[in-house]
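Chemist: Below are the structure tokens for one structure; questions will follow.
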Amino acid sequence: MPIHKNSIIPLTIESLSSDGSGVAHYEGKAVFVPATAPGDVLNARIVKDMGRYSFAIVEEMLQPSPAHIEPDCPVCKPCGGCCFRHLNYETEARAKQSFVEDAFRRIGGLDTPVLPILPSPLEERYRNKVQFPVGLDAEGHVIAGFYAGRTHRIVPYADCKLQPSELNQIAAFVCEFMEAHGIAPYQEEKHTGLVRHIFLRKGWHSGEILVCLVVNGRKLPHAQELCAALTEQFPVIRSIVLNVNRQKTNVITGLESISLYGPGYIEDTLCGVPVRLGPLSFYQVNTPAAEQLYGVARQFAQLEPGDTLLDLYCGMGTIGLSMAADCKELIGVEIIPEAVESAKLNAAAMGVENARFFCADAGKAAAKLADEGLRPDVVCLDPPRKGCDEATLNAVIAMGPRRIVMVSCNPATAARDCRYLADRGYRPLRAQPADLFPRTKHCECVIELVREN
Ligand code: SAH
């Protein structure tokens with residue numbers, strides 16, 4: 001039976017979906033309601049009926065669940081980034097635990113034991129990176145904020161609680177400077193204007209800050225004045241760079257960076273690995289939670305002194321380098337050149353001499369290394385959200401490692417890839433979820449797989 005648009009129906013929320021909505025049932029059919037908590041009793045208004053399920057919004061909250069809290073952010077709703085800001089953290093962590101359990105059971109068809117989730121050591125201001133789009137408000141003032149869900153409309157907000165206040169203050173300072181000096185924000189529809197994004201990084205342990213302005217051009221008017229003003233106001237700024245992006249694209253950064261002040265990067269450490277952070281390399285955004293996660297990966301790897309470790313999708317090498325002392329040889333593969341350069345420098349800074357890093361596609365490199373006779377004892381896989389492709393998994397299987405450690409930011413593709421490996425002789429022994437992104441729907445996990453017989 002279709003439920004008509006705008007019908008008001010009574011619901012009790014039962015659980016949370018992996019995209020952050022509350023889930024209830026009405027006449028046997030699933031109904032998804034954003035900004036609700038398990039246990040909420042409400043009247044909902046149907047906004048879209050999809051046949052087998054429907055989408056609704058809260059019309060009237062009759063009895064909020066004890067898990068439901070008042071969001072402590074005035075722009076939570078239009079921004080949409082923190083789809084769990086209305087939940088207490090225990091409920092959020094439990095939901096993420098079940099996302100991983102459900103993915104393994106339903107998508108993977110696997111009965112892999114899922115360990116209790118490791119909560120993030122910090123629930124607020126945990127991010128070490130933020131990328132604010134820049135634009136104009138209705139009065140023509142320069143603003144920085146976040147895009148409202150599924151749009152490119154900027155929701156300005158002075159103090160987003162996901163990152164240190166200092167980074168928010170720097171963004172506001174840059175906006176004021178742009179306005180005072182007539183520097184135009186980029187306008188996507190017309191492909192005119194200059195400043196597209198304010199991209200900031202702060203070293204968790206070092207406190208150093210990188211300011212990067214992504215620009216539709218190669219020059220910034222009043223650049224030296226901006227550098228002087230910023231570094232006077234925020235002395236922890238170590239580098240200021242321009243990143244050139246003149247494409248009509250949603251991709252935030254371009255390939256070329258021009259240094260305006262300082263060495264063009266900041267330094268920090270992750271699991272004791274020294275890292276140089278420029279604007280282009282992938283780096284986990286929640287340092288203390290990532291250190292927990294990589295600690296688990298190291299435990300799952302169970303390296304022995306004579307082992308060779310192959311670290312695919314290695315970024316700037318942090319996972320492999322954090323285990324380099326446990327093995328004889330480390331080989332890292334990563335597709336972004338800047339990240340590979342960082343990995344090499346990080347290894348050198350640590351005095352690690354048993355590591356090699358290649359800039360290549362993981363699947364192609366793994367196939368080539370397998371052809372050359374490489375037989376790593378342990379392989380670490382840490383792919384982007386879309387997971388590994390079959391070519392990569394086949395090459396890994398062909399190398400026959402004793403163990404595979406999979407680190408994933410997407411339980412659905414992790415479960416799919418574990419199924420593929422399980423069907424080819426690798427048993428997923430256990431999965432450890434870890435929350436690196438409190439208040440948002442994202443969840444990370446590490447899986448330990450062993451070769452059978
Ligand atoms: N292991 C690293 C990075 C993980 S994120 C860390 O913990 O920091 C995933 C990484 O995979 C990114 O650095 C991305 O640039 C890289 N990547 C994406 N597609 C790839 C491919 N086809 N081959 C190799 N690396 C790839």
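Every residue, even glycine, has its Cβ placed from backbone N, Cα and C.
Curation plays no part in TrEMBL annotations; they are all automatic predictions.
Pasting the relevant annotations from TrEMBL:
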- C409: active site, nucleophile (ACT_SITE)
- Q284, Y313, E334, D382: S-adenosyl-L-methionine binding site (BINDING)
- 2-60: domain 'TRAM' (DOMAIN)
Chemist: Using the alpha carbons only, what distance in Å do you get between D382 (S-adenosyl-L-methionine binding site) and C409 (active site, nucleophile) once rounded?
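Modeler: Cα-Cα, rounded: 8 Å.
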Chemist: To see if you understand the setup: which same-chain residues, six or more apart in sequence, place their Cβ under 8 Å from that of Q284 (S-adenosyl-L-methionine binding site)?
Modeler: L270, A290, L293, T318, L436
Chemist: Roughly how many Å separate the Cα of E334 (S-adenosyl-L-methionine binding site) from that of C409 (active site, nucleophile), to the nearest whole number?
Modeler: 17
Chemist: Over all shown protein chains, what is the count of other CB atoms within 10 A of the CB belonging to D382 (S-adenosyl-L-methionine binding site)?
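Modeler: Excluding its own Cβ, D382 (S-adenosyl-L-methionine binding site) sees 27 Cβ atoms within 10 Å.
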Chemist: What are the DSSP helix/strand/coil residue counts across the domain 'TRAM' (2-60)?
Modeler: 0 helix, 34 strand, 25 coil
Chemist: Tell me which residues of the chain lie with their Cβ under 8 angstroms from that of C409 (active site, nucleophile), as long as they are six or more apart in sequence?
Modeler: P384, R385, L436, H442, C443, E444
Chemist: Which whole number is the mean pLDDT over the domain 'TRAM' (2-60)?
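Modeler: Averaging the confidence scores along the domain 'TRAM' (2-60) gives 95.
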Chemist: Among all protein chains shown, how many Cβ atoms are found within 10 Å of the Cβ of Y313 (S-adenosyl-L-methionine binding site), not counting that one?
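Modeler: Neighbour count, Cβ to Cβ under the 10 Å cut-off: 21.
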Chemist: Mind giving me a neighbour count for E334 (S-adenosyl-L-methionine binding site)? Other Cβ atoms within 10 Å of its Cβ, every protein chain shown.
Modeler: 28
Chemist: Under DSSP, is E334 (S-adenosyl-L-methionine binding site) helix, strand or coil?
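Modeler: Looking at the DSSP assignment, E334 (S-adenosyl-L-methionine binding site) belongs to a strand.
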